[in-house]
Amino acid sequence: MTINKEGLRVDACSGDPMSIFGLWYEEVLRVKSVREPSAMVLATCDSENRPSARVVLLKRYSDAGFEFYTNLESRKAREIALNPCVSLVFDWRPIYKQVRVEGIAEFMDASESDAYFASRSRESQIGAWCSRQSMILEDRDVLLSKIELMEREYEGREIPRPKFWGGIRVVPNVIEFWMDGKHRLHDRRQYSKNIDGTWTSVYLYP
């Protein structure tokens, strides 16, 4: 596939940032060289305002926000419980585009988490049960032994969702679209959500 650096001009997009995101996301999904188009950097802060960041996978997006699933005892989930203000970054270099999101993270309903967990592969379900994410692992064999035990325990049976695993939705209040331009004259357009739910957009210097 030949990449067109001019691409979809930011100033030609609609006034709905989620529609723009959808167009860009569909574009990057078609680029075979992008191994994880759903990868996004999630930045959080602890109670002392010390930041941390990691890559998570976008599982769904809608007007309600950007959704991912994780161990709810992990560092990111603990920090979100203390401070729900987060940031996301989608870095799509092969198509010369980036999306930055600022928003409020909220824990999703159990029914939503149950439905998504049921759709996962059996191996991923077992992995969710056996991984004490971010905790110290003395030896990898310990984890593999837990997996083997659970495989035997639930052989031929449905695996329920662990209570410590679920979904988080980032409700955006700022979305910025960045696109590479010649001579570093990049396109940047920032959308900010108004109290009534509408969006106001401005252009930013590159």
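Start at 1 and count along the chain as shown; that gives each residue its number.
Glycine is treated like the rest: Cβ placed from N, Cα and C.
Not measured: the values here are computed from a predicted model.
Annotated features, as they stand in Swiss-Prot:
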BINDING   54-59, 69-70, 75-76, Gln98, 133-134, Trp178, Arg188  FMN binding site
BINDING   Lys59, Tyr116, Arg120, Ser124, Arg184, Leu185, His186  substrate binding site
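Positions of the features from Swiss-Prot, shown on the structure.
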residue: Arg54; record: FMN binding site; Cβ contacts under 8 Å, 6 or more apart: Val41, Leu42, Lys76
residue: Val56; record: FMN binding site; Cβ contacts under 8 Å, 6 or more apart: Ala39, Met40, Leu42, Phe68, Thr70, Lys76
residue: Lys59; record: substrate binding site; Cβ contacts under 8 Å, 6 or more apart: Ser38, Glu67, Phe68, Tyr69, Tyr116, Gly167
residue: Gln98; record: FMN binding site; Cβ contacts under 8 Å, 6 or more apart: Val89, Phe90, Asp91, Trp92, Phe177, Trp178, Met179
residue: Arg120; record: substrate binding site; Cβ contacts under 8 Å, 6 or more apart: Ala128
residue: Ser124; record: substrate binding site; Cβ contacts under 8 Å, 6 or more apart: none
residue: Arg184; record: substrate binding site; Cβ contacts under 8 Å, 6 or more apart: Pro206
residue: Leu185; record: substrate binding site; Cβ contacts under 8 Å, 6 or more apart: Pro206
Exercise. Looking at the binding-site residues Tyr69, Tyr116, which one has the fewest other Cβ atoms within 10 Å of its own Cβ?
Worked result: Tyr116
Seminar exercise, completed: CB contacts under 8 angstroms to His186 (substrate binding site), restricted to the same chain and 6+ apart in sequence, sorted by sequence, are Trp178, Met179, Asp180, Pro206
Exercise. Looking only at DSSP and grouping its letters into three states, which state does Gln98 (FMN binding site) belong to?
Worked result: strand
Exercise. DSSP three-state call for Ser134 (FMN binding site): helix, strand or coil?
Worked result: coil
For this session: Going by DSSP, give the three-state secondary structure for Ser124 (substrate binding site).
Result: helix
For this session: For Ser134 (FMN binding site), list the number of other Cβ atoms lying within 10 Å of its Cβ atom.
Result: 14
Exercise. If H, G and I count as helix, E and B as strand, and all else as coil, what does DSSP give for Arg75 (FMN binding site)?
Worked result: helix
Exercise. Which three-state DSSP class does Arg188 (FMN binding site) fall into?
Worked result: strand
Problem set entry | Arg75 (FMN binding site), number of other Cβ atoms within 10 Å | 16
Seminar exercise, completed: Row Leu58 (FMN binding site), column other C-beta within 10 angstroms, all chains, value 18
Problem set entry | Max pairwise CA distance, angstrom, over record-listed substrate binders Lys59, Tyr116, Arg120, Ser124, Arg184, Leu185, His186 | 44
